Amino acid sequence: MATPSQFLKFVDDNADRFIKRLGEAVAIPSVSGDGKYRPEVFRMSAWLDGQLQSLGVTTKLVDLGKHVMDDQELPLPPAILGRIGDDPKKKTVLIYGHYDVQPAQKSDGWDTEPFTLVVDEKTGKLIGRGSTDDKGPILGWLNVLEAHKTLGLELPVNLRFCFEGMEENGSEGLDDLIKTEVTKGKESWFDGVDCVCISDNYWLNSRTPCLTYGLRGLVYFKLTISGPARDLHSGVFGRMVHEPMTDLITIMGKLVTPDGTILVPGVEDMVPSAQDDEIAIYEKLDYSVKDVEDAVGAPITLSQDKVSVIMGRMRLPSLSLHGIEGAFYGPGAKTVIPASVSGKFSIRIVPPQTPEAIEPLVKKYVEQEFAKLNSKNKLKIENLHDGRPWLADHRHWNYEAAIRATEAVYKRSPDLTREGGSIPVTLTFAESLGVNVLLLPMGRGDDGAHSTNEKIDRSNFIEGSKLLGTYLYEVGAIKA
Ligand code: BES
Ligand code: ZN
């Protein structure tokens, strides 16, 4: 089934309007990880639901209940389930995306307002929080739907949608929803799904499209050390008492070496080393140390060897220190001894590691190291959220369809990649539905997801919308 040229032309002809719609989505600050924005996450769900309905999709908003975040009970934003098409002769594709975003403030170092989409006509960048992660890709699907509705074209497949608003915060509630939904048999919204497509990651570089068949999992820890009943003056109490911040920094300094080696005993040993055939795959990828330097904006890779740098992201675990809550933060030179501080760190995990195996190793090690300090302060370590790693069979027809679609739109074959980030629900879909999951990214490696000045290139948004549509035609062309 060739992709109709009217569809491709429609996307080109309506590019400016599609970008305006992306601007509407970016303007809703649907930050899931900060309680004060929770109403905005709800507003975003209503906006997206409205868009889907107006494009002919039947939807259901599923209430996922409540959760506690930063000691505050909050309602979870709904999952949006959608369906369009019920032709038993067609394949059924389930599409997942997330409508929540990472926090952003201009004062973090943005050049523009993060929640105002700025179109840089000179560079073609569409700049704003969520532009690439993950509002751009979600809107790519809306663009495909709109083109078909307006042109009166039949969709080549039946579509099912599952959009969530808590992905950036561990996808709370979604696993349970999917597991419950699949038990409903014929009544399930996922009944008859043949494959899953997720557009929520990025090309390795800024040139070569890719398909992704692996993701790392994650275990996120909060390590709290508390001592005095209140913040203290360091001139009055310094060297008289155990200081929580000193204890915390000492322990955080024992988690990982500056060259990335994880010091928690047992964590590194779980991962088998790469064989020659696997190394050959990494050697062939269109990705260089220079690409990493360009993406991070400085020549700071852990090695000058391309394969060892790539393996750090694709097939090795990593431990990152994220921040310290409760520490003195801000201008000036306050002479405070903070009473209670919480260090946040996470470990990206790879097969065969699981959160269940990693969590006790970390807790035991941290407790042992704290005991060595002989501190009278109190320690608490919590797992805030976790997700398992995922690997798929990239020889599956779902990937073959995406390869053909990429070749049609970009006139080149995609790289096949494993990714360092995490999308916890991927494995849940693969296991609960028993179908192949494909990651089909829209944006580029230098888009700056989670960072300041996040962007998606106009051409990635527009060609990417064509890619998503063309992929559906390629799946539709596969014989049952
Ligand atoms: N879009 C990312 C996932 C991603 C990032 C895939 C980089 C591939 C490369 C997603 O929105 C995300 O950031 N997920 C979180 C999940 C976590 C909170 C469990 C992540 O990876 O930090
Ligand atoms: Zn994302």
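Cβ from N, Cα, C; glycine included.
As written in TrEMBL, here are the features:
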BINDING   H98, D133, D200  Mn(2+) 2 binding site
ACT_SITE  D100  active site
BINDING   D133, E168, H450  Mn(2+) 1 binding site
ACT_SITE  E167  active site, proton acceptor
BINDING   D200, H233, T335, R348, S422, H450  substrate binding site
DOMAIN    213-371  domain 'Peptidase M20 dimerisation'
SITE      H233  site 'Important for catalytic activity'
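Structural mapping of features recorded in TrEMBL.
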residue: H98; record: Mn(2+) 2 binding site; DSSP (3 states): strand
residue: D133; record: Mn(2+) 2 binding site; DSSP (3 states): coil
residue: E168; record: Mn(2+) 1 binding site; DSSP (3 states): helix
residue: D200; record: Mn(2+) 2 binding site; DSSP (3 states): coil
residue: H233; record: substrate binding site; DSSP (3 states): strand
residue: T335; record: substrate binding site; DSSP (3 states): coil
residue: R348; record: substrate binding site; DSSP (3 states): strand
residue: S422; record: substrate binding site; DSSP (3 states): coil
residue: H450; record: Mn(2+) 1 binding site; DSSP (3 states): coil
Additional residues surrounding Mn(2+) 2, by Cβ distance to the H98, D133, D200 centre under 8 Å: G97, D134, P137, I138, E167, E168, N201, I423, A449
Cα-Cα distance linking H98 (Mn(2+) 2 binding site) and E167 (active site, proton acceptor), given in Å to the nearest integer: 6
Other C-beta atoms that fall within 10 angstroms of the C-beta of R348 (substrate binding site): 23
Close binding-site residues near H450 (Mn(2+) 1 binding site), where close means Cα within 10 Å, chosen from D133, D200, T335: D133
Listed binding-site residues with Cβ under 6 Å from ligand 2, out of D133, E168, D200, T335: D133, D200
Spatial neighbours of T335 (substrate binding site) that are distant in sequence (at least 6 apart) but have CB under 8 A: H233, S234, G235
Distance [Cα-Cα, Å, rounded] between R348 (substrate binding site) and E168 (Mn(2+) 1 binding site): 15
Contacting recorded positions for ligand 1, chosen from D100, H233, T335, R348, S422 when the Cβ sits under 6 angstroms of any of its atoms: S422
Cβ neighbour count within 10 Å of S422 (substrate binding site): 26
E168 (Mn(2+) 1 binding site) and S422 (substrate binding site), Cα-Cα, nearest whole angstrom: 10
Listed in sequence order, residues with CB under 8 A of D133 (Mn(2+) 2 binding site) and six or more positions away: V101, Q102, D200, G443, D447, A449, H450, E454
Cβ-Cβ neighbours of D200 (Mn(2+) 2 binding site) (radius 10 Å): 26
For the binding-site residues H98, H233, H450, the one whose C-beta sees the most other C-beta atoms within 10 angstroms: H98
